[in-house]
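Chemist: The annotation signal peptide is assigned in Swiss-Prot to 1-8. Look at Swiss-Prot and you will find 24-151, 133-188 tagged as disulfide bond, backed by similarity to another entry. Taken from Swiss-Prot, the feature N-linked glycosylation site applies to 92, 398, 411. The annotation GPI-anchor amidated aspartate is assigned in Swiss-Prot to 459.
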């Protein structure tokens, strides 16, 4: 850096090359921000598309692989989280952040044209000549041309992204303390004496919104460096103050949920990668207090049949699934699940829903359990709150009943309309165990039909009719089609 001159201007003095190079360094970074934004949006868009495909894969696995219900559901939720992450990344650019990228591009354009103008006003010849508008800070002599390379003025619309930090670039520019006017030379026509060269010119001429100023008497205004002008400069100040946040969002890399056997292997082949599934698995299990496994990695390895560095049993099971999907009009083709494109997966989901509907229509529903009077009373009588009572598909609250123990009553008509199969109850009104589970030990009590709760093996089958189950599954699948 060079010491500041006295607060006096000299008509025709050039811009100091040090200051010019600082402006160019900033401009080179600023003009790449649109490319950086395009890269970020492309990453997020691709992640969202792939994660939607992963959702469809997991939904099909949920229907086709009952032994891997928890694994498929965990990946379905994980894919949903990834879609949400991608959407959040895209939404970063719906307001001020995009405006700031535009400001960076705008400021770069203004700097480039000024620098090309100043550098172009020079005497042709070797270094040492002083007839120039962009000269050495010490002495003002002509310097080698640098604007095209330092400002990168020749780049077109297809400029490459570089992950550069616009906030840091604006800060660096704002720290330049070199006086803008070179200490020698007096031949620049652009910085001539405005007051004498024109019949009248009462005011100074600000450039770049006041980052630089041509004094009314000529030359660049001394004592006003980029450092002193930048804090209030509309071209730069917002990028200096908020550019770091923009840079952080531009650097965001949105990952996608797995859609291939290799991607599943990567996600499940190490403890660090498997840990990414914890939030999704916790959401699926909705653990009761004290029920969550202390060793998540051991749990998730068991769920997927995973081992370090190997394909998981779940991934291999997916490899064994092939489904007929439409191709040309009137024809179908059997495709392996991993090879399916989104259109194929959508057709496979529709076909799977149709299969479930057909199966539900051809199988007679399980006979309803006829409740005794004592059992029906036990289902509802312990509920005291009216809202809770009425929320049950088989209870209704009778506000006129004087006996508080009988206000919540069993409603057989409501139960029939709801389609809910009623649980058997024990002598104390608690849910009874079924014959197939009640005599099993803790080790024998296994899913999918039985579940150990407390000190008893209980029937874990879903207490809903086939029609109700179908509506839930169909709704879940249909939501993935759009």
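Cβ atoms are placed via backbone N, Cα and C, with glycine included.
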Chemist: Taking the Cβ of each of the glycosylation sites and counting other Cβ atoms inside 10 Å, which one has the highest number: 398, 411?
Modeler: 411
Chemist: Ranking the recorded positions 92, 151, 188 by other Cβ atoms within 10 Å, which is at the bottom?
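Modeler: Selected from the recorded positions 92, 151, 188 on minimum Cβ neighbours within 10 Å: 92.
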Chemist: Let me know the DSSP-derived helix, strand or coil state of residue 24 (disulfide bond), please.
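Modeler: In the DSSP reduction, residue 24 (disulfide bond) maps to helix.
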Chemist: Counting every protein chain present, what is the number of Cβ atoms, excluding its own, within 10 Å of the Cβ of residue 133 (disulfide bond)?
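Modeler: The Cβ of residue 133 (disulfide bond) has 25 Cβ neighbours within 10 Å.
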Chemist: Taking the Cβ of residue 24 (disulfide bond) as reference, which residues of that chain separated by at least 6 in sequence fall under 8 Å from it?
Modeler: 111, 115, 146, 147, 150, 151, 152
Chemist: What three-state secondary structure does DSSP assign to residue 133 (disulfide bond)?
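Modeler: DSSP assigns residue 133 (disulfide bond) to coil.
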Chemist: How big is the Cα-to-Cα gap, in Å, between residue 188 (disulfide bond) and residue 411 (N-linked glycosylation site)?
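Modeler: It is 97 Å, counting Cα to Cα.
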